[in-house]
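Structure, as structure tokens:
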């Protein structure tokens, strides 16, 4: 047998590869893995009659490559969709399981958004969960916003991008990963071998030998690089390893010397990164070899498209350019002849709308916090860029309408092979974008005028003081809080004018103004003092709670304040790990069961009772949290675990009612609505969903009627366990925020009504729910609505409570129940009339006081005089203070300037400035004048040139503020009068 090694540089595209350890040597064939696990099949070239491989039994098959096959590999189809498909098929044929892209909203609490293809596999790489498959391949949507300022300016920066990856979980390692990467690049995608450069970690001699000797890459095209560039770590400790990266050379004619810099963006583009997880980094910084070595790779789809489609940047590939073309049409521009500034704006809008569409599709709505802030920021940047391009209104020329929905439609049209669910959610996505754009446009013009003035002031001050111009953090916060300008947009505009921003000052204002704290993460601590993970020594908990509400179990571990103990006694708060349990652990929106653990006295152990008030889950280990009510509990002892039957029934009722509610919402307001969160509690249920308006009364009534009809139908629920793919094929809906096993999921079905993937507890028959009532419907964020409702026993309690309240109300008002509404309306009308009368009297009193103090007015100026009155009016309320100022301006001769202050309540200051036309004509404006005075009282405000109001929270500073106002007003007017 003629066995040879072929250097891929000698024969640039000959597809030869030793693709698996079970192969001893291969000639004129390339090896692919199968997922069947059977002995390899060997297919020979047409001209060959004998096998050319010696192989052990494995999951590898060898396929020869004919000239026809090579032509197929080097397909002329280089579209983005084709590149994605060919990548996945390449690794699928080598035994990789093709998995779907994970959501852009990750389960990992340490990151805000999905930023890498490996993120969904992080628990496997860290050894937290067992692998489901030996190796996998994905096309993962990712979002990164850390270099947003480079989007549109460079050839390859994006917010949303697709990372194509192949992953090995202890299956194959460095040799296969390197060879397949080369085969994919030079054979499947047909990249010329002399244009592909390789970087390796400076100490990774193993990778060097594979690239040089096994693959045949010339030494001059292999670059050793340092830890910063070519060594991956998961943190200060944990899995880590060297990297190897593939670069495409656009200009090989520039040579191959030692001084070649792979970081030169004008010549090279990195397109494929291979991470070899082979070490565990200890706290001492030592690198210990991992027992299970893993592979994590990423190939940038947009970058490979740029290379294969031979365009100057990622934006001009078929993945993005059709979106740019649509925006150009709206802007009445030709991309090719547009200025560089206009091209940048076109790219930014296209890039941001790709990200926005997929983020909203994955359940993120515009808001001022977290992920929602990312969406809002991207939309608002796109709106500003659209305005700079002269886009005014929608494609029909309606200036009052939004233009971004038209762009979003193009993104959605192109989503078929990226995420097929996007088209199903199109109405909601488009409407959320439309509402956000229109909302921002209302304040954009006013905000831009204010920002322009603030920047002019900053530049003017800088000239006078000879310092660098900067925008005060308080002004940046005012633009953010009042006009909806993300601070990043303010910074961009300021930078264009040569002004920096006081970011620290802005952050201080943000912290002072913050009214809502983010909900704390519910973390189960399963670590002991030396940080050894106790879960390593505890088997998974067997859950019995679907079929039984009590069970005998053995105590496997006890934790007090996170530390393991052997025994706990009466009064101790404790976390208990059992070998089996009927207790449901909090998950899927359903709160945990409550109940008791009982220890019987039998001579060998004393009697004990533990009340369980919470159950959390760490992986598949249940942690029962409770208090020892009597006796003592020890590790190794047997307990009777008993769930509170009544509370479990309440949870079951509310969970099934939640499923019915989701089905009813889809029927009444549209199939595109989807769950955005839920709570299943003992006393109520809460359901958050995507929708862009409040529900009408008749819609809420229709939803209630539908659900109560389904309850009366007394339909038996069906529960089955299926592979995830089969469940989705059957039409099962996934629950928000849940991650599912590919091989086995639980499906809960109300036949003819609802089918959902759900691990929660449910009633056996809808009749057990008894009745359903919506108690509130409200908006909780832009595009997110919330319904709270009660069912079953909670419904009865709610009705009884309302009936009791109505009885007391009837007694108090001395009317029948049917007359309560009209009686309350009459009382409100009487109250409004009384309040108006009181307000009128206060205004008259204030005007009288103003008349009394008008003789305190003094004049400023000589040839031209202005009457000035600056006084405090004690406890006069804000409206009356306004009336007093207006009276003084109308009765004193023009020109006149009036500033009044008062403290109507504890911790409250009111200020008003009223300037006559003669004063305003001098360039003195009430709105600008009153703001700094209000700051002295811990507040702020503003208004028009002739009239402005402000407030504060420090009445003790009012006297000094009034004095300051008098001094500043005199000085300003004196300067204007010369």
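From the backbone N, Cα and C atoms, a Cβ is placed for every residue, glycine too.
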Completion exercise
Candidate ranges 705-739, 740-774, 775-809, 810-844; TrEMBL annotation coiled coil resolves to 810-844
Practice task
Would you report the average pLDDT that the model assigns to the domain 'Alanyl-transfer RNA synthetases family profile' (78-801)?
Solution key: 89
Completion exercise
For Zn(2+), residues beyond 655, 659, 758, 762 with C-beta within 8 angstroms of the site's Cβ centre include exactly 652, 656, 658, 680, 748, 756, 760, 761
Problem - Residues that sit under 8 angstroms from residue 655 (Zn(2+) binding site) by C-beta distance, when 6+ apart in the chain - result: 590, 680, 685, 758, 760, 761, 762
Fill in the blank from the handout: For residue 659 (Zn(2+) binding site), the nonlocal same-chain Cβ neighbours (under 8 Å, six or more residues apart) come out as 748, 750, 754, 756, 758, 762
